[in-house]
């Protein structure tokens with residue numbers, strides 16, 4: 001699996017240390033093991049996880065501005081855990097409302113010795129952002145409007161929302177809550193992943 005990950009990283013033009021590669025493979029191993037009992041992801045094949053979970057997460061790392069991020073609706077830690085591995089200088093709060101997912105995240109944190117993640121069990125509307133975050137990341141929300149509406153209290157004044165999407169649909173981007181606009185739409189190229197992938201960056205219009 002390490003060889004396959006290395007090939008995928010080469011295809012994507014991403015350079016990681018051997019330690020980071022080993023951490024990513026270990027994370028896939030834990031996800032595969034826990035998935036059998038906890039049903040954390042619909043992806044059952046570890047090799048497919050490398051593409052659909054690992055590469056699809058870390059491909060956005062160069063576009064994140066700041067050092068404090070929150071991954072809302074992180075599920076089994078996606079994209080937060082892979083991003084924390086490839087950006088050890090940044091801190092990631094991993095927010096999910098389901099206890100079984102947060103228990104898994106704490107196990108990952110323990111086994112991989114990740115000191116730059118904080119798993120939290122909470123509903124997003126009940127979670128206080130103190131201090132606020134540089135970036136709010138998610139691939140869990142059905143719509144951009146929902147993401148901004150539910151998470152508006154989380155970013156700092158100069159912070160951004162980062163939504164990992166398949167299609168970047170014009171009507172969805174035009175239907176943001178009042179006061180917010182699209183800062184950037186980045187087309188992502190994930191090796192061996194079929195279909196379009198985009199990173200939609202949202203910020204307050206006052207900036």
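Residue 1 is the first one shown; counting continues down the chain.
Glycine is no exception: its Cβ is also placed from the backbone N, Cα and C atoms.
Under the heading S-adenosyl-L-methionine binding site, Swiss-Prot lists 73, 78, 124, 125, 139, citing sequence analysis as support. If you draw a 10 Å sphere around the CB of residue 125 (S-adenosyl-L-methionine binding site), it holds 10 other CB atoms from the protein chains shown.
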Exercise for the section: Could you say whether, by DSSP, residue 78 (S-adenosyl-L-methionine binding site) belongs to a helix, a strand or a coil region? Expected result: coil
Completion exercise
Should one count Cβ atoms within 10 Å of each candidate's Cβ, the binding-site residues 73, 78, 124, 139 would be headed by 78
